[in-house]
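So that you can see what the record holds, here are the features copied from TrEMBL:
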BINDING   Glu112  L-tryptophan binding site
BINDING   Arg127, Lys211, Tyr213, Arg278, Lys280, Tyr282, Tyr362  dimethylallyl diphosphate binding site
Amino acid sequence: MFTIKDVRCHHEEQSIEGEGFGKKAKEPEQPWQTLSRLVHIFKDSNVESWWNLSGPILGTLMDEADYDLQSQYACLIFHLYHIVPRLGSANTSPVNSPRWRSFMTDDFSPLEYSWNWDTRQSGPRIRYSVELVGVNAGASIDPYNQQSTIELCDQLRRDLPGTDWTLFNIMRTAFYDPNATITNMTPEENDRSSPSSLFLAFELGRHIATKAYFLPVKAEQRGISRVVVLDEAIELLRKSGYPCVGYEQLKRFMVTEQGSMLQVILVAIDCIGSEESRFKIYLRSPHTSFASVCEMMTLGSTLDSLPAMARTNLKDLWRLTLGLSPNFSEADNLRPNRHETAGILYYFDIKLRGSSLQPKLYIPVKHYATNDASAAHGLGMYLKSRGQDTYFPNYMRALQRTCTHRSLDADSGYQTYIGTSVQRDGSLSLCSYISGEAYYTNRMCT
């Protein structure tokens, strides 16, 4: 495995080359550029292709978020050593769609990145989510593509001693049945994803925090509803000493007229001590009006989670990022969209040993914004109006530096969601999600 010391020395040599005698000093290499010189060690064209796509994106995001060099190197080495070799084939021929079509992103690539916007306490934080793709993904030996992820988790138990896998083990049991009848799990429709079942996510910094996401494939395995699988998962948690009191309020809403239309997408946990871990339930609604958003964020007015100031902030963010007119009707749905991820995504953060229930909204700019430039411009207008735009120029540079295959105003989808939740003072916390568009025409990953 590469060490920070090895690559840092090379970085310092590059940064001073050409200085003196009136020569213009060269711009120092970015950490991802230095590490790119080492990718050939793997002797694997797939590793090289995935690194050429993901290394610059992660490196650029961390650079624009003002991560120090040591953190950038540590996180990129982790990514190159642990993640990139496990991303599967990088075949991007337009004739051949990916062998495993990950549910992670709409073009089926297995990576999504996020820029968690700065607060008064800290600068932006960079995260990314991944579905590792094993060599047998979709075959009878690994129908739901879990083998590679489980292998990595076993390695992380040793390499990241601060992680805790108690909840991971409970949730994997709750959402996947290893004894179910096995069939070929490759979908016949080219516009549908494969049956993804397990994702990991990493929050980057001096210490890398691990998260896990579980899709309720046990529902399809056993021919039951996803709500039943979720209920059974909650019961497993309760038997393990986690009351999850807040779930009852969510469950009551899920039998109402609007709540009954919700689709259970996945659940997420933090791989840390269970006293600190969050338990997040992701739900998608087919209703796309702002009025329906407000109903979801308050669970039909049963949650006191959207005071007047927060509602105003949320409405402005919704309007600006989606490019709606100032006097748009709150009752009108957004334009129709038949994609499998269309609709509005939410999660509800449930305290394992408490009664609180915290909602979060994901505005799907990938489906409903005019284009990526429009979505970013609208977000910038919102941030400026609230005096929160310190890092917005950095974010725009990051988009322009990494979206090298097309202009931001040519299409939508490079930015996928703008996630937001309400803070105690009525302000909004914000997080921008980026797909990378690995399989877009003319993308760098070839």
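Placement of Cβ uses the backbone N, Cα and C atoms for every residue, glycine included.
Known features from TrEMBL, placed on the structure.
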residue : record                                 : Cβ contacts under 8 Å, 6 or more apart
Glu112  : L-tryptophan binding site              : Met104, Thr105, Tyr128, Ser129, Val130, Thr416, Tyr433, Ile434, Ser435, Gly436
Arg127  : dimethylallyl diphosphate binding site : Tyr113, Ser114, Asn116, Ala201, Phe202, Glu203, Leu204
Lys211  : dimethylallyl diphosphate binding site : Ser129, Leu200, Ala201, Phe202, Glu203, Ala268, Ile269, Asp270, Cys271
Tyr213  : dimethylallyl diphosphate binding site : Ser129, Leu198, Phe199, Leu200, Ala201, Leu266, Val267, Ala268
Arg278  : dimethylallyl diphosphate binding site : Ala268, Ile269, Asp270, Asp349, Ile350, Lys351
Lys280  : dimethylallyl diphosphate binding site : Val267, Ala268, Ile269, Tyr347, Phe348, Asp349, Ile350
Tyr282  : dimethylallyl diphosphate binding site : Val264, Ile265, Leu266, Val267, Ala268, Leu345, Tyr346, Tyr347
Tyr362  : dimethylallyl diphosphate binding site : Ile344, Leu345, Tyr346, Tyr347, Tyr417, Ile418, Gly419, Tyr433
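The Cβ centroid of Arg127, Lys211, Tyr213, Arg278, Lys280, Tyr282, Tyr362 marks the dimethylallyl diphosphate site; residues of that chain outside this set whose Cβ lies within 8 Å of it are Ala201, Ala268, Tyr347, given in sequence order.
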